[in-house]
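As written in Swiss-Prot, here are the features:
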| type | residues | note |
| --- | --- | --- |
| BINDING | 51, 112, 114, 145, 555, 556 | (indol-3-yl)acetate binding site |
| COMPBIAS | 411-427 | compositional bias 'Low complexity' |
| REGION | 281-335 | region 'Disordered' |
| REGION | 404-427 | region 'Disordered' |
| TOPO_DOM | 1-6 | topological domain 'Extracellular' |
| TOPO_DOM | 28-38 | topological domain 'Cytoplasmic' |
| TOPO_DOM | 60-70 | topological domain 'Extracellular' |
| TOPO_DOM | 92-100 | topological domain 'Cytoplasmic' |
| TOPO_DOM | 122-131 | topological domain 'Extracellular' |
| TOPO_DOM | 153-455 | topological domain 'Cytoplasmic' |
| TOPO_DOM | 501-516 | topological domain 'Cytoplasmic' |
| TOPO_DOM | 562-574 | topological domain 'Cytoplasmic' |
| TRANSMEM | 7-27 | transmembrane segment |
| TRANSMEM | 39-59 | transmembrane segment |
| TRANSMEM | 71-91 | transmembrane segment |
| TRANSMEM | 101-121 | transmembrane segment |
| TRANSMEM | 132-152 | transmembrane segment |
| TRANSMEM | 456-476 | transmembrane segment |
| TRANSMEM | 480-500 | transmembrane segment |
| TRANSMEM | 517-537 | transmembrane segment |
| TRANSMEM | 541-561 | transmembrane segment |
| TRANSMEM | 575-595 | transmembrane segment |
């Protein structure tokens, strides 16, 4: 039976965390103490130092030789059961997909164990439950987050192969990825593919970042590599940040001019910018053979309302899309007056600026759209249809039928048999090629993540020191403690800043939020209870396992979802709204299990 003293211990452990979160929220939302840039700096400190050192502190001080293997088996079995059910659903059901498998797996099995679980369970069940939570943290950081990265990169690789090599994927013998490419997801970084056919007829692919996404192109003019006369540019730092990091899959306005654009690409050319756009200046007009080619789309449009497709510049200049006639005329007139070209740039990854000030629908009445040739941009035909209030899993089937109808029209226009075109599935490269590609990308992600090092080093140190009774030097111990002690409060403070920067607490609509909360707080604990019974957990261990499964959503899965653009609004709502309702829900579980 739960006593008043037990309830007070729980509140003593949890209220300070919520105080830190509310202070951060008020500092941005009510008192305007921190700007978004300052919040970004605080969040970066938390991500690079506070949380990794907090994780290292908990793991290094936990004795791995006293781990409860049955409790770990229950947690592992729960995740494997959920993963097996979701995998079967994605393959057998028309409504299933890899994206939903990843999202539902995150919602149901990956709670916020480090920040919320350890203090909450210690307050409920004592010190031994804190040790159990540390064991869960170790498995999450080393195994389950790595598995999620594997699934995300597999999705990115599949999208890359499907879009770039729809008919020749089976003939790919190797895929080499440049060192500066850290993700295969075209929404995050604009990437290009180059192919080479060897004598045996096999295709060898090289994946690299496109010229438009390379960070060094923005500094070429200051380094003296510009091919044009230096002149003041109105491309601001904010726009550079927004070009590289906005997640909105819609064209966004940018105010830099065409001369800046060519200087960034760094290509010397024997024709002027006016020739490229067919602008005739001077007393004697002369014809331009570029305008005719640029005005023709390279591929036929599948539907009347489809976005314009890209033509080609002489390589390596980016391609210019054929905009509607009004847009083309406006751009030409503006250029004749010496005005700057107003460009639209497809943006592809996550940005707090774009989250708060999200752009609207594309408007081609004022400018031409500019894209890089062969750039991976999955956003153009993979709009996040799940982030709406009227969402249902059935929408996927409707959208699939719409897409098939568009493909059928395109195939009919090209004189092909649409039924045959849709019947043949896209082949994939050999398993060895895909496995090597994904492992390389996951490895690059892991070595850039400070939590990977903190977890592994903490585990190795605990194995050594508890085996031979070593003690960490006092200088090192206190250096780590002074930061790790602040880690818990700073993590909650950072979460409060994140909540304050969002335009809506429920970003995905009420219906989707209800589904997400049901998966997080009902389905997850239910599967954990079944797995715990299966491995023989009883008594207090069973209670700890169920309450641990009912913790709010983990932050790392949301970071991955935002980075790879896989239902980020759902995970954002699960983190924010879940944190607000987690305390009463876990208290209900605690009281019911204690009856």
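Positions of Cβ are set from backbone N, Cα and C atoms, glycine also.
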Distant-in-sequence Cβ neighbours of residue 555 ((indol-3-yl)acetate binding site), under 8 Å, six or more positions away: 112, 115, 495, 575
Annotated stretches the transmembrane segment (39-59) and the transmembrane segment (541-561) touching (3 or more Cβ pairs under 8 Å): no
Top partner of the transmembrane segment (575-595) among 7-27, 132-152, 480-500, 517-537 - counted as Cβ pairs under 8 Å: 517-537
For the topological domain 'Cytoplasmic' (28-38), mean pLDDT (0 to 100): 93
Secondary structure at residue 112 ((indol-3-yl)acetate binding site), reduced by DSSP to three states: coil
Non-site residues, in chain order, whose CB comes within 8 A of the mean position of the CB atoms of 51, 112, 114, 145, 555, 556 at (indol-3-yl)acetate: 113, 115, 140, 451, 554
Long-range environment of the transmembrane segment (517-537) - Cβ separation under 8 angstroms, sequence gap at least 6: 70-71, 73-75, 77-78, 81-82, 104, 107-109, 111, 545-550, 552-553, 574, 577-578, 581-582, 585, 589
Other CB atoms, at most 10 A from the CB of residue 114 ((indol-3-yl)acetate binding site): 26
Residue numbers, six or more beyond the limits of the transmembrane segment (132-152), whose CB comes under 8 Å of its CB atoms: 55, 58-59, 62, 67-68, 71-72, 75-76, 79, 98, 101-102, 105-106, 109-110, 113-114, 117-118, 121, 185, 438, 442, 445-446, 451-452, 455-456, 459, 541, 544, 548, 554, 556-557, 560, 563-564, 566
Stretch among 7-27, 71-91, 101-121, 456-476, 480-500 sharing the most Cβ pairs under 8 Å with the transmembrane segment (541-561): 101-121
Tertiary contacts of the topological domain 'Extracellular' (1-6), as residues 6+ beyond its ends and Cβ separation under 8 Å: 124, 590-591, 594-595
Set of same-chain residues at least 6 away whose C-beta sits under 8 angstroms from residue 556 ((indol-3-yl)acetate binding site): 110, 140, 145, 451
